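Noted in TrEMBL for the protein shown:
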type     : residues : note
DOMAIN   : 148-217  : domain 'Peptidase S8/S53'
ACT_SITE : ASP157   : active site, charge relay system
ACT_SITE : HIS189   : active site, charge relay system
DOMAIN   : 219-349  : domain 'Peptidase S8/S53'
ACT_SITE : SER311   : active site, charge relay system
Amino acid sequence: MLTISRSYFLTKIYLLYLLISFPRYVYVQTVNPIPNRYTVVLKDTCAGLDGVQSHVEQLEAEIKHKTNQTVDFDVRRMYSSALIGYTAILDDLALSVVKASPDVVFVENDQYLNASALQVNSPWNLGRVNSRSKPSAPYSYKYDPSWGAGVTAYILDTGINTNHIDFGGRATTGVVVVSGENATDCIGHGTHVAGIVGSKTYGISRSVSIVGVKVFILSGPYSSALNTAVANVVSAGIAVVVAAGNNADDACKYSPSSAPTTICVGATNSTDYMAPFSNYGNCVNLFAPGASIRSTFIGSNNATALMSGTSMAAPHVSGVLAAIQSKSGPNPYPVQQLRSILLGNATSGILQNVKNTKNLLLFNSYES
């Protein structure tokens, strides 16, 4: 399960307001801006480098006419192919002149980008969710090291081996629901799941905070009470990811996989077939790798194990949701928007042997 540790707000409505109110240009505010550095996109009437150059010269003359002050209007590079425009260093006066030009479509503040990281010889499952088509060994996983920063994933399972070195101190213990039990993961299932969400070697999002809530395995036959409880959690603004189940049966017969507001995940194997044990049907929203998955385990602070199940598929989705949310900027995405981004970005129609189930495979690109 995944929860977001920040409050929800309606987001990006201001952009629509700008588009309506200022038809001449749009100023696009970026998340991590570089001071005084901008990309200016021009209309097609300025096509070609000559057209861009003419626009720049016209603005330079206008600035010179308006003031005797020294103005920073330093064009660094011009473009005429993929886009028509230029990058420039602009002070406030120069920026105001650029914004007022009828040639300008929009002005965007340049921004710092996080460096990507590449894990070579990664587990097959990480390579699979990183690629639209089925990759071949050796697999690799390209990711942003900051994925998951500011997001907390709550793992309702058998507990977590929080001392495992692969968690890097990001895993902690939450509530123990089971009577007479302590927080120790004596089975390993919860530790394995948590590692897929966010461990540094086997995880999707490697900066996410992880909290273990010990409940043993939270799934079983259809239960209106359990489904209602899950629906209330989602209504409170928490994204809930659940395993479809391992009965080779219709997931709608079980809970909480049948709860309509959850994100229910079936399992695939390395050949892009639905795993033979996976539940299926209309209640399954998408698939993720769930067969022969290596992740963190119990027994030592560096133990690993191979496990299979839809419980291994679901945490891939939680990890991707954490990555998406961590890139949402100052206003976190509401649950429904998170869900739409996730499902809209999934790879469609590539899986084999899915039984009356949406043919969607989890996808997690560095660019997304």
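Just so you know, glycine gets a Cβ as well, placed from its N, Cα and C.
From a predicted model like this one, the values you see are computed outputs, not experimental measurements.
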The rounded CA-CA distance in Å from SER311 (active site, charge relay system) to HIS189 (active site, charge relay system) is 9
Integer Å value for the Cα distance linking ASP157 (active site, charge relay system) with HIS189 (active site, charge relay system) is 7
In the domain 'Peptidase S8/S53' (219-349), averaged pLDDT is 94
Cβ contacts within 10 Å for HIS189 (active site, charge relay system), all chains included, total 22
By a three-class reduction of DSSP, ASP157 (active site, charge relay system) is assigned strand
